[in-house]
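> I'd like to ask you about the structure that follows.
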Amino acid sequence: MADIIIKNGYILTMDPSADNIKNGVVVIEDGRITDVCEKTEETADTVIDAQGSVVMPGFVNTHTHAGMTLFRGYADDLALSDWLENHIWPAEVELTGSDVYAGTRLACLEMIKSGTIAFADMYFFMDEVGKVVESSGLRAALSYGMIELWDEEKGKRELKEGKSFVNEWNGKADGRISAMYGPHAPNTCSKEFLMKVREQATEDNAKIHIHVLETEAELNQMKEQYGMCSVNMLDSIDFFGPDVLAAHCIWLSDGDMDILRNNNVNISHNPVSNMKLASGIAPVTKLLDRGANVCLGTDGCASNNNLGMFEEMKAAALLQKVDTMDPMALPARQVLEMATVNGAKALDINSGMIRKGYNADVIIVDMNKAHLNPLYDVPSHLVYSAGSSDVRTTIVNGKVLMDDYGVVCMDEQKVIDEARDAAADLISRVDAKK
Ligand SMILES: O=c1[nH]cnc2c1ncn2[C@@H]1O[C@H](CO)[C@@H](O)[C@H]1O
Ligand SMILES: [Zn+2]
């Protein structure tokens, strides 16, 4: 007997080797998808009727700072350097482990409700984040954000903290958690420090998550300091590889794109954050045309201001169209791939497709809504019309985390209340220091 059978749904497989099924069945056992078919004789403990819904792989949010939900709407409409240096970093000084715990719980709740099954996070107090992910049931690739600022002693402490997190958490929660090294960016970490991180990551068999060329200011600073851009500098120290997840990658030359592609670097595109902070437009279509693995991320809630992947998909598609002045650029199907298949590849998880043997990381999207009718093309609706609140069921690793709009893995109201209280207390401490 199987654990879960989902029936009567439109199965959007995202599997290049399998067609979608108009009225199909997904069978789940021991955390895996064991069958994808038109009909089954199999029985299960739980049978989910997905009538009028789309059954699809859940989203992978490949760049976020989950704990930053506490700063949602705290400092908007500012330039990135002003926003980060004068508002966010001074507030982050006051952050405690329990703040990050509460903020990350809120983030996980929001992600489960909006169909995200896995996320890549870079933040502080990562033990707290690990605990939250472990109990929430989600998957995550977590990293302690190391900021060295050309201070050798600080660099040693940061690397030590990064390493102890990796050693403790990599592979935890039945493999749902992986731990990465998270050097913040090439303009906040020295070349020497980044070389040490690269070496350590290889030694520990851990991946690397880093911001790359998010701003033109970074490009200018790098040129001044090293006579070359971040991508060339990182390439010169053999930093790149398929185990690197580079967020943003906006200010790229054609040569930089070739370097990223040839080294199989995973590129996390964050269109909403990039637009909100006016960071620029990443050359996504050019990267995809080269065969680079480009996935999607929301960035933190202080620069988005939510963790919804539907909104991110739509923004990605529209931004490429207006940037290239080509309405055919980045079509719906390709954006969906970025949000599922490519994200799973970046995090090296067996998810992102509804396929036999893959992780049972499945969402059910309710299409019986005013804004989703009539229905001609499923990918079109998912990218251009659907929203976070259309997800009715979220399953991760074969466990139902949200069942027909009801979150079952945590007490929703309690999570919201605790995050609200933590934020109020945090901001009053920040204000008291002013
Ligand atoms: O868009 C961004 N660009 C650069 N840094 C960011 C952005 N969003 C958040 N952080 C910062 O990165 C660190 C993560 O450990 C935090 O300091 C966070 O505020
Ligand atoms: Zn970021």
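Glycine is treated like the rest: Cβ placed from N, Cα and C.
Unlike curated records, TrEMBL annotations are generated automatically.
These figures come from a predicted structure and were not determined experimentally.
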> Which one of D127, D289, D299, D323 goes with H63, H65, H211 at the Zn(2+) site, as TrEMBL has it?
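Between D127, D289, D299, D323, TrEMBL records just one in the Zn(2+) site with H63, H65, H211, namely D299.
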> With E92, H184, D299 listed by TrEMBL as binding substrate, identify the candidate in E153, E161, E214 belonging to that site.
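Of the residues offered, the record points to E214.
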> Just to verify: the residue among H63, H65, H184, H211 with the fewest other Cβ atoms within 10 Å, which of the binding-site residues is it?
H184
> Who sits close to E214 (substrate binding site): which same-chain residues at least 6 apart have their Cβ under 8 Å from its Cβ?
L80, A185, A247, H248, I250, W251, N274, S279
> Rounded to a whole angstrom, what is the C-alpha distance between H63 (Zn(2+) binding site) and H184 (substrate binding site)?
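Each residue's Cα considered, H63 (Zn(2+) binding site) and H184 (substrate binding site) end up 12 Å apart.
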> So how many other Cβ atoms are close to E92 (substrate binding site), meaning within 10 Å of its Cβ?
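So the Cβ neighbour count for E92 (substrate binding site) comes to 22.
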> Cβ within 8 Å of the Zn(2+) site's Cβ centroid: which residues qualify beyond H63, H65, H211, D299?
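Surrounding the site, in chain order, are T64, M122, A247, H248, S268, N270, S273, G297, G300, S303.
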> DSSP three-state call for H65 (Zn(2+) binding site): helix, strand or coil?
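Assignment for H65 (Zn(2+) binding site) reads coil.
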